[in-house]
């Protein structure tokens, strides 16, 4: 122990050895050693068998990153491939990472000797060192100066940007220009234009503007493609007008726009819905001597179709043909799709036939547009026939084709047909996509077959398809509608396990279901969770909660959420107001209901039939029908005076309210006013008129009956035969033969006029049995009409007249 302590003391008191060279120290400094070793290696590298010589010498054991850098620096002018081989050999010998500058020197030397593939490899390895972009750029720029690279030579920096892009590091690629914007060396304009285009494609708008500003700051002269990217960027963020101004200002900056720039601008205007301005710009380019090409016309056709102005788009297609340009699949498919979305399938098929007549073979995209349109309007047989036509024309249907058909059969709840299509897909080796499974699961949920929906969902996951929030929302909606609310928790749990965040639509579906089931407290917890996730509730979220609390009679809570919705700047719609009005009525608070109705009208929200029904029913059910009439009718008149026309059911409610209150004159005047103004306002349907006419007959108000019958006949409003019989029989039984005869005359004339129209329509639709009556129909109608009047004049009650065989014969047709 003693000796150990004394040893420690010795160490503590030992004088440090000086590292400064003295007259007795003759060894070389590390730098001198490095330079000496580098010179020795350089001498060996001049020999063809350099690798053998280096392996045989002691030099391989003295290698380090600084030595390698020195060797590369001293041999910039020798064979670049030999330098690359030496670099790789030294890497295996050292077992330590190379100096970053070694990569830079080698990349620059390889670029100078046009060995671009090898330079690309070196830069790729350089990036693997995980050095920051600024450090990498500084090293490369420094080596460019040392190697006396011309400032106009951009290959190394261009290549560096491309290497980052190929590795999926777009942010790092953009950082290259940000790191050198104030330096002597800059990437080429072509490379930067491509970078801007890539940033736009990936919607990295903030980075786009930073790169563009850096280009301007570095005083890089912009060309037509730079400006085209700038225009596209403005249009992408919804500033198409600004993009148009850039086009107009380009020439002032010494850059004339070409066809490409005009097409970019016209496309941007169309995507922003400014199709008229796009059309004007097309005319402007013609005036400047630039001829629009097929792409110009195609984007205009597509733009007008998306604005549901397909007829104008059709004119543009005609103009395209007139100037000698041949329309392709893109233009025709866009036009066809436009008419399909407007519901004009006949015109869409006409365009299809025109394509074929012009020698343009339909492709899968064109067929898919028509199939999808037919499926949406429920013409499934035609859609299936088109699939057969595709196959016969040797156009292979794809997954989208079958997905559209499956969706169509789902809407009709024909899941057996959808299953057949799925099997057909399998036979054609077509893999169902996520959207195919989405359609099948949606169809099963709508049919209430939740068990099969869950099985298909599991099958989808087993196939390796990752479910998205849309499929989970469909499952939630299906389980909510099927009353399986407890299973929704499991769906949400599975969703969280797969790392799929719910969106607003998902939460709305969940909150709506719970509110409908009167489980409002649970619904409220999901609202809190939704907000915690950073999602903003919308009118549907609040509407669901307001509905739920209104249903359970908790109007304070319903009003609280209504106030919260207003505070968030969300405008309530008519449905939300109707929920509140219904809630107040259900708890007997009529003043609260009326106050909400007034607030609704004051905010410019149009009450619909449901709102009127709820309020009047609430007033009448609380024994306050007179109050309902006195308070509702001024509001009703105010709406009509503003030119806001309630529908026929709303009018019917008001007419019925007056009638039940015994105010027959006001009820009649309202209906009379409505019939007189039928051309400019809504016309009541026969069902409303029949109920009112029947009530008038029961009260013996036959004068009113005849006036209304006459006006209805002039309006072309048809009554059923049963109502006709009851009205005439009722007047006959009251002993007023003159009015009964007049009523019969009006009804028979109106009924026959309407029935003849119906027969003509049926014949046009191709009913085969109608051909039997083509020659005889007019005489049959006249004969039946004469027979009815003859029987009536003989005193036979009209109810028996209706049973005459001629009537039966006509009804069979």
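Every residue, even glycine, has its Cβ placed from backbone N, Cα and C.
TrEMBL annotations:
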- 223-257: repeat 'PPR' (REPEAT)
- 258-292: repeat 'PPR' (REPEAT)
- 293-327: repeat 'PPR' (REPEAT)
- 328-362: repeat 'PPR' (REPEAT)
- 363-397: repeat 'PPR' (REPEAT)
- 398-432: repeat 'PPR' (REPEAT)
- 433-467: repeat 'PPR' (REPEAT)
- 468-502: repeat 'PPR' (REPEAT)
- 503-537: repeat 'PPR' (REPEAT)
- 538-572: repeat 'PPR' (REPEAT)
- 573-607: repeat 'PPR' (REPEAT)
- 608-646: repeat 'PPR' (REPEAT)
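Averaged over the repeat 'PPR' (398-432), the predicted model reaches a pLDDT of 89. Residue counts of the repeat 'PPR' (223-257) by helix, strand and coil are 27 helix, 0 strand, 8 coil (DSSP-based). Within the chain carrying the repeat 'PPR' (258-292), a Cβ under 8 angstroms from the stretch's Cβ atoms is held by residues 224-225, 227-228, 231-232, 234-236, 238, 240-241, 243-244, 247, 250, 299-300, 302-304, 306-307, 309, 316, 323, all 6 or more beyond its ends.
Taking H, G and I as helix, E and B as strand and the rest as coil, DSSP gives the repeat 'PPR' (468-502) the counts 26 helix, 0 strand, 9 coil. The list of residues near the repeat 'PPR' (293-327) in space but at least 6 beyond its ends in sequence, with Cβ under 8 angstroms from a Cβ of it, reads 259, 262-263, 266-267, 269-271, 273, 275, 278-279, 282, 334-335, 337-339, 341-342, 344, 347, 358, 360.
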